[in-house]
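A.B. asks: Here it is: the structure, laid out below.
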Amino acid sequence: MTVEGFKFEQRHGKERVRVARVWKTQQGRHFVVEWRVGITLLSDCVNSYLRDDNSDIVATDTMKNTVYAKAKECSEMLSVEDFAILLAKHFVSFYKQVTGAIVNIVEKPWERVIVDGQPHEHGFKLGSEKHIAEATVQKSGALQLTSGIEGLSVLKTTRSGFEGFIRDKYTALPDTRERMLATEVTALWRYSYESLYSVPQRPLYFTDKYLEVKKVLADTFFGPPNVGVYSPSVQNTLYLMAKATLNRFPDIAYVHLKMPNLHFIPVNISNKDGPIVKFDDDVYLPTDEPHGSIQASLSRLWSNSKL
C-alpha cells in the first residue's frame, strides 16, 4: 500500500511460544507433544504505525495466550499440522482486522521409552530429528500447508563415490568410488490442499504422512538392507529421494531437500620412521566444517509451489 508517498508493508506476530500438551487415555496411557510456535498476522493496523492509535492491533501477548487456550481446547490428540491450521483459522475468523495468518511450529521429538521390552505408559526420551509445519490461511479460506523434517542425520560407510568432476589448477580432491557418505537432511514438502475445506479430516493423518515420508527418504538413501545402493554423488541421491517422495505421495506437490556433505577424511599418519596409521577404509577424521552444501527442489509440472 502507499502511505504518505511511500510504499509500506507491515506484519506482526509472536515467536518462540513454547507449549506442551498431555493427553491421557482411560486405560492410563499418556501421550505428549512439545511445540515451539511462531505466529505472523497480516492485518489492517496501519494506524498504529502512522499515529497514536492501537485500536486495530492484536497484541502479541494475546497471541501467546491463544496458543495455550487452543491447546487446552484440543481434547483429542492432533498433528502439528492440524494445530497450525487451527490457530491460523482462529486468527483470520476471530478478528475482522486480520486478513491472513501464518503459523509455523517445530515439534520436539519426545519418544516413548521401552522398559523390559514393554512401552512405558508415561515415560519418554528425547529423539533427534524434528517435525516442522507451517500453515498460511487467508480470510477467504485459502490454505498453504507445508511440513518437514529438520536434523535427519544419516550415514553409510560404503557404496558411495565421487569422480569425473571438473579439474583445474585448484583441484586437489582425488576421484573415488569408495567413501563414507553422511548428511543431515532438512526436508520440506508442500501439500496440494488449497483450502481449509479440502484438508483430510482423518485423525493424525499428517503425523502418519510425516512418518511415511521420513521412511521413504531414509529407504532411498540407504537402499536394500543386504546390498545398499551406490551413490555417485550427494546430488544424485538427493534427486532420487525427492523423486521417490513425489512418486509415493500424490497429495504432495513440491519437495525441497537440503543435504550438506559431512566429510569423513581418511587418516594417514607417518613420521620419519614410517607409517603410524595407514588408511585402509577404516580410520577417518569426522568433520562438518567446512562442508559441502547441496540443495534442490522438485515439483509437479502443474504446481506453482515455492518455499
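Residue numbers in this text run from 1 along the chain shown.
Glycine is treated like the rest: Cβ placed from N, Cα and C.
Remember, TrEMBL labels are computer predictions, not curated facts.
Quick caveat, the model's predicted, so the values are computed rather than measured.
Found this in TrEMBL, in case it helps:
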type: ACT_SITE; residues: Lys14; note: active site, charge relay system
type: ACT_SITE; residues: Thr60; note: active site, charge relay system
type: BINDING; residues: Thr60, Asn261; note: O2 binding site
type: BINDING; residues: Thr60, Asp61, Phe162, Arg179, Val234, Gln235, Asn261; note: 5-hydroxyisourate binding site
type: BINDING; residues: Thr60, Asp61, Phe162, Arg179, Val234, Gln235, Asn261; note: urate binding site
type: ACT_SITE; residues: His263; note: active site, charge relay system
A.B. asks: Measuring CA to CA, name the entry from the recorded positions Lys14, Phe162, Arg179, Val234 that ends up nearest Thr60 (active site, charge relay system).
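C.D. replies: Nearest by Cα distance to Thr60 (active site, charge relay system): Lys14.
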A.B. asks: Looking at the recorded positions Lys14, Asn261, His263, whose Cα is closest in space to that of Arg179 (5-hydroxyisourate binding site)?
C.D. replies: His263
A.B. asks: Just counting, how many other CB atoms are there within 10 A of the CB of Asn261 (O2 binding site)?
C.D. replies: 17
A.B. asks: Asp61 (5-hydroxyisourate binding site): which of the recorded positions Lys14, Asn261, His263 have a C-alpha within 10 angstroms of it?
C.D. replies: Lys14
A.B. asks: In whole Å, how far does the CA atom of Lys14 (active site, charge relay system) lie from that of His263 (active site, charge relay system)?
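C.D. replies: The Cα atom of Lys14 (active site, charge relay system) is 38 Å away from the Cα atom of His263 (active site, charge relay system).
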A.B. asks: Using Cα coordinates, what distance in whole Å links Val234 (5-hydroxyisourate binding site) and His263 (active site, charge relay system)?
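C.D. replies: Cα-Cα, rounded: 12 Å.
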